[in-house]
Amino acid sequence: MRKKDDVLEIGVLNLMHDKEDTKRRFERVLTREDCRVNLTWFYPVMHYQDREVPENVRQISQPLDLNKVKELDAFIVTGAPLEKLDFDDVTYISELQELFDCLSTEGIEQLYVCWGAMVAANYFYGVDKYLLNQKLFGVYSQVILENSPLLEGLSDGFLAPHARYAELSCRQVREVPELSVVSVSETNHLFLAEARKERQTFLFSHLEYGRDALDKEYYRELQAHPEDASVLAKAANYYDDPVKMTGMRFGWGKAQRHFFENWLKQAEENRLKKVCTQ
């Protein structure tokens, strides 16, 4: 039986391309003096079923094991560079769905980020994904539509980074009675949705990003697709000099700090409730 003074055990399924940077980012935003946290990193087994697991992946994470997941207090599914794929075309989609079922059945606090939020909301509630005409890329102010403990300390106009090629149908999300659209961006794209009864948070922004993450993402895509240089989206509202792409602004620091503090508090409260009922 878990004790009340135990460390908050959080699992993370790391699906991002820049896995080492992603690990460092989440470690930074989830480190708090008033909350002892231990992170366990996983990779999807089915993603490597026909090839060897890369050394850098094996060094920082372990194969997803639902028996281990059941022992955790909270779980995060990161984003992934898969927005342009249909969900059914993702090689490890069945493994993800088994994870979703496990997390829901066990009542584990869940945070789904960007593509992770899209695939989870699609699985649980049937909300459709569609491709954007142009990548949503940059720093935007947000509008709060409903009160939520996760946004405590923030008010309308707080800044957050967005970086994605696809979006969930906001109309469909609003039509799902089990879901609440908490906040959208000034461009009317989803920022945060929550399940009203389940322990599910859907964060569509890459709020874990550090100051240089949007810049790194642009140059990573440019290196991968130099033929698209003339049409590749550059981060909006991010650089002091947008033409030279210099002077990166970290305008979402306050939102990042408050959101993850609030989510950790929510996860800890859920853990203690479960301990008391054991």
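Using the three backbone atoms N, Cα and C, a Cβ is placed for every residue, glycine included.
As given in TrEMBL:
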- C114: active site, acyl-thioester intermediate (ACT_SITE)
- H206: active site, proton acceptor (ACT_SITE)
- E208: active site (ACT_SITE)
- K135, R220: substrate binding site (BINDING)
- E83: site 'Important for acyl-CoA specificity' (SITE)
- A163: site 'Important for substrate specificity' (SITE)
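All features noted in TrEMBL, drawn onto the structure.
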residue	record	Cβ contacts under 8 Å, 6 or more apart
E83	site 'Important for acyl-CoA specificity'	W115, M118, K129, L131, R164, Y165, A166
C114	active site, acyl-thioester intermediate	T78, G79, A80, A163, R164, L203, F204, S205, H206
K135	substrate binding site	A163, R164, Y165, A233
E208	active site	T22, R25, F26, V29, V113, Q256, F260
R220	substrate binding site	H17, D18
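Within 10 Å of the C-beta of A163 (site 'Important for substrate specificity') we count 23 further C-beta atoms, all protein chains included.
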